[in-house]
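K.L.:
The following block contains the structure, expressed as structure tokens.
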Amino acid sequence: MGKKKKKRKSSAFKIILNVFLSIFLVAGVAFGGIVFAMIKTAPPLNVQQVLTFDEPSILYDDKGQYMDKVITNEQRIVVDYKNVPQNLKNAFVSIEDERFYKHHGVDIKRFTGVILINVTNKIKRSSKLQGASTLTQQLIKNTVLSSEVSIKRKVQEMYLSIQLEKELSKDEILGAYMNSIFLGGNALGVEAASKQYFNKSVKDLSLIECAFIAGVPQSPSVYYPYSSASKKNPSIYLNRTKTVLYKMLDNGYITQNDYNKALKDLDSKKLAFAKPSAPSNKLAYEWFSIPAIEQVKKDLKTQYKYDDKQIHNLLVNGGLKIYTTMNKNLQDKTQNTINDAYYLNSYKSNGIIYPQASAVIMDYHNGEVKTIVGGRGDQPARSYNRAASYNYLRPAGSSIKPLTVYSAAIDSKKATAATGFEDSPIPNNIGRKYSSGAPYNPRNTPDIYYGYVNVREALMRSINVVAVKLVDKIGLNTSIQYAEKFGIPIDQHDRSSIASLSLGELHKGTNPLIMAQAYGVFGNNGTYTEAKLYTKVVDRTGKVLLEPKTNTKKVLSPEAAFITYDMLQGPVSESGTGPQANFGNMEVRGKTGTSSDMKNLWFCGLTPYYSAAVWIGNDNSSTVDGVYSSTAARLWGDIMKEFHVNLPYKQVQKPASVVTANVDRISGKLPTQLSYRDPRGSTVYNEFFINGTIPTEYDDIHVEAQINKLTGKLASKFTPSFLVESRVFLRRDYSPGVELLDQQWLLPYSIDEGGSLPPTEEKNNSNTRDKNKDKNKDKDKNKNKDKNPSQDKPNNNNNNNNNDNNNNTKPPENDSNQNHEDNKNKQ
């Protein structure tokens, strides 16, 4: 009986055992299948991805020197493994993975032990859990897998770690780990952490500094020394540092003496942290860097069809190398020149210096922009870029005239540099075309009218009413077309405003970058070269992503460009509005500009090397006191002087198709003998023309008339012969209603009606006659008349001069006998 019971118990045990074995076998097979499925869905191991770290893009100047870095919320500076101190390597291994050099990606012993500890803690309902990830696993997690917490991710992490150990050496794995790990604050990697905490390179860290950094990854926020908790209780991070040091001692990486000294240093507060600074979003050269980055973004979108998110990720994390056109040396000098311009009558408001100023200098031959300065003095991050932002446009004033008025007229052949105009108030028949109310009637600045002038002189003196008359002559549509060719932003309001197109009172405005590109046309055979802010963009593998071409378009004929270029020497001459722009012996051309109420002051110009534009004004568009457009010309000259150091003298070459001819500067027509006898001196000069535009008509403004030289009235039959004198005058067939500066040279309209001579004159004439009677009576009476100083001897001299002038093939372009007003502050 007893034997039967024992037999039954034995059979039952076997059955139960078999059942459990079967269950475990099935469970094992099932678990293995699940694990296999998890492994199968793991992403493929990309070793290059593991060794590649998210890095912000770097900008370099035109010499390949570091210039700026794209701002991100986190900073990473990749460091070469050989530059990491051995103490830091040993510290990480000791505290994070002490069997690192023995396992093959997964530490089975540690993994098993941690599982048992965590299960025990769970049973005890303890929240204290331990991790078992090796350095290799942490690297996989940081570079390949997501931060998801799941069994599946853990299995894939272990599998990929084993695979990675087959591909990389221990040094490569440890080096990649130290460059990828988050170390608190905004530091990614050990180099960024060294800069953040100790303001030094990782290679210069001490033992206790190495131990501190190695202790941070367990809980970066807890061990962050700048947190309020750590400031109140430094033992939080000090105890962690001591733990790392003990593990280094325990693993034989440091000696007992090293350990003791390190503890002593900690107790002596030798673990000194750098002064914390708030993460700055200000770039070192943000005036230039931000527009350059925007141009890169635009080109990435155009060439690769990337969306904004892809472009942002590429710039922030892609480690691109952006080679800009900026010259760091000249950028710094330009900034300093603008900052230190003592003649700008400066004052401060809310911490910002005023008036503000901005400048752009570019090589108009290849489009490379060398300098962008968007403001002067200390500026907050991402402040107004007054030089290059399309959100900060200002009216150009008279600096627009060479673009929309003078070059447009010459290129369209509707006027020449010699074409004559009358500088006088706008006639009502013209004014009514551009006003729904009272006729449009702009004034000159200052309120002076010169009378007869030609196009060249009108530009030199920046005569407003002539600019308006010329735009009326060529037509608003023609002016608009040229404005758009030059890249000037024209809105609907400007299209119907002659003030916008002739005087630069643009509704929105322009900026120095736009104007520097536009003025480059005059020195570049009429070709507009689009501004280029970078030359190349390279990805982290060295592949060239972008290499922009030089984009050009034809705006003017070479002939019109050269003639306008030559005319632009007028405004920088002593008789012009901006002679302060000149420097050295360099050939300078340019134009001042002032918008209404002195709110915006400009100088835009070029040399045979560079084009540049300078703006001065206040951010609130208020009147600028004590500063003029001539000040902008001076600032332009001071800046450009630095750009031309050691550059040889050079000229813009005249196209062979530009011809010359002698013309009358008053009428703009071919000269007559009277042109040489203008009472102010000869008005004949040699002018440049586009072939086929030389005038064919003769001067009809100069007229000759006989006058009573005593009264200045037209001579009549009542005028004594000895008072009759032949003189040359200007003809004007109407009254302009205001006084013109050439009015004194006009043909008189009053006729001499005779009358007695003044007593003194009668006496003198009587004495003269008596003396003549006493002389040889056989002499010719006409010869005696020649001796009388009241006779017309100056006419004979003028005739002699006329003969000389007729033999002169190229009279001087600027007549030094003319009386010029000092218009340095005039537009």
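Even glycines carry a Cβ here, placed using N, Cα and C.
Straight out of Swiss-Prot:
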| type | residues | note |
| --- | --- | --- |
| ACT_SITE | Glu96 | active site, proton donor |
| ACT_SITE | Ser398 | active site, acyl-ester intermediate |
| COMPBIAS | 760-790 | compositional bias 'Basic and acidic residues' |
| COMPBIAS | 791-817 | compositional bias 'Low complexity' |
| COMPBIAS | 818-827 | compositional bias 'Basic and acidic residues' |
| REGION | 57-229 | region 'Transglycosylase' |
| REGION | 357-641 | region 'Transpeptidase' |
| REGION | 755-827 | region 'Disordered' |
| TOPO_DOM | 1-18 | topological domain 'Cytoplasmic' |
| TOPO_DOM | 40-827 | topological domain 'Extracellular' |
K.L.:
Take the C-alpha atoms of Ser398 (active site, acyl-ester intermediate) and the residue listed as 'active site, proton donor' and report the distance between them in angstrom, rounded.
P.N.:
71
K.L.:
Where does the residue listed as 'active site, acyl-ester intermediate' sit in the DSSP three-state scheme?
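P.N.:
Reduced to three states, the DSSP call for the residue listed as 'active site, acyl-ester intermediate' is helix.
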K.L.:
When you measure from the Cβ of Ser398 (active site, acyl-ester intermediate), how many other Cβ atoms are you left with inside 10 Å?
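P.N.:
Counting Cβ neighbours of Ser398 (active site, acyl-ester intermediate) within 10 Å gives 28.
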K.L.:
Near the residue listed as 'active site, proton donor', how many other Cβ atoms are within 10 Å of its Cβ?
P.N.:
22
